[in-house]
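Here is what TrEMBL records for this protein:
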DOMAIN    16-231  domain 'Radical SAM core'
BINDING   Cys30, Cys34, Cys37  [4Fe-4S] cluster binding site
Amino acid sequence: MNRSGSSSVTERKPAVNPPLWLLAELTYRCPLQCPYCSNPLDFAQQDKELTTEQWIEVFRQARAMGSVQIGFSGGEPLVRKDLPELIAAARNLGFYTNLITSGIGLTEKKLDSFAEAGLDHIQISFQASDETLNAALAGSEKAFRQKLEMARAVKAHGYPMVLNFVLHRHNIDQIDRIIELCIELEADDVELATCQFYGWAQLNREGLLPTREQIERAEQVVKQYRQRMAESGSLTNLLFVTPDYYEERPKGCMGGWGAIFLSVTPEGTALPCHSARQLPVEFPSVLEHDLQHIWYESFGFNRYRGFDWMPEPCRSCDEKEKDFGGCRCQAFMLTGNADNADPVCAKSPHHGKILAAREEANCTQMQISQLQFRNRVNSQLIFKANA
Ligand code: FES
């Protein structure tokens, strides 16, 4: 494909704009073991990480193409000793910089160094609103207290702060206490994101998917809090994200394939979404190609751009320009073929898989202790079992 739109095939495709959002997945190392982590199941096989200089070159190329926002994530990005240097480099290039962290490993001293580097924004994730459940999900007894302490320190440093809670069947019923905690911690934004099923979350879906009743109650509680907070003049903004599994139309995943989002994995694979490395599609490495080529010319980034690739029912659907056929990763995980319509769509011949999962959520007795936790040992076992 070329950007001038000169070929007949290209003419039918929308123009390709630059990647506005760069996600730098600095590492897969992480001190926690959340069973809903979106990292790949075989992350333990991926030990290599880009060097400081290689990352900065990626930032430079992305910025030159027009990227404006960068997220530092992982794994836990705080394990990278060069994080202040990476933040400073991105900031000096003109990026709006966002740290996505569990808060484990954060210290007052690090916050000072990030402030000096020019970090704009911090998102801290919690597992639950109480220490016991937080520890059961994260696999760390100390994590909850550390998160509380660091959330307070982040505010004291004057950062805009997002608190993120991944909701699932084991914590969604404490949503009122979660919101209370966020208000107490003076979060500017609160993301109450119901678990989406990629990576480890997909592996543990039976034990994580809430029931429809749980979702509806949670939505009600959020609504009440929004009203109460508006009346009291609270500035905390509550975002509630429902799971795809209770929708009848798919989401326009990543704003469209290769449309605005570019993710780079720890060892340098460039992806149009953070889950795409599981797809049977070849994706380029930033060590072998520049981002200009990767974004505009590579096979992987063009594979699902536009509409020509779509089979029915997406091809003739009048909503295809809104949802782009849904999520390619979800289509692949649930149907074995990434070209299919996302089974979330009620028009998909595979929608029965979603209905079956909802039914399973009503019947399962699975406890937290039965979930497969995201750690190196489990990752290696899964890799060997699938080899
Ligand atoms: Fe990969 Fe939706 S998460 S396309």
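Residue positions begin at 1 at the first shown residue.
Placement of Cβ uses the backbone N, Cα and C atoms for every residue, glycine included.
A sphere of 10 angstroms centred on the C-beta of Cys30 ([4Fe-4S] cluster binding site) encloses 23 other C-beta atoms. In the three-state DSSP scheme, Cys30 ([4Fe-4S] cluster binding site) is classed as coil. Cβ neighbours of Cys34 ([4Fe-4S] cluster binding site) (same chain, under 8 Å, six or more residues apart in sequence): Gln127, Leu137, Ala138, Gly139, Val166, Trp200, Phe373, Arg374. Across all of the domain 'Radical SAM core' (16-231), the predicted model scores a mean pLDDT of 96. Cβ-based neighbour count (10 Å, all protein chains) for Cys37 ([4Fe-4S] cluster binding site) stands at 24. A coil conformation is recorded for Cys37 ([4Fe-4S] cluster binding site) in the three-state DSSP classification, outside any helix or strand.
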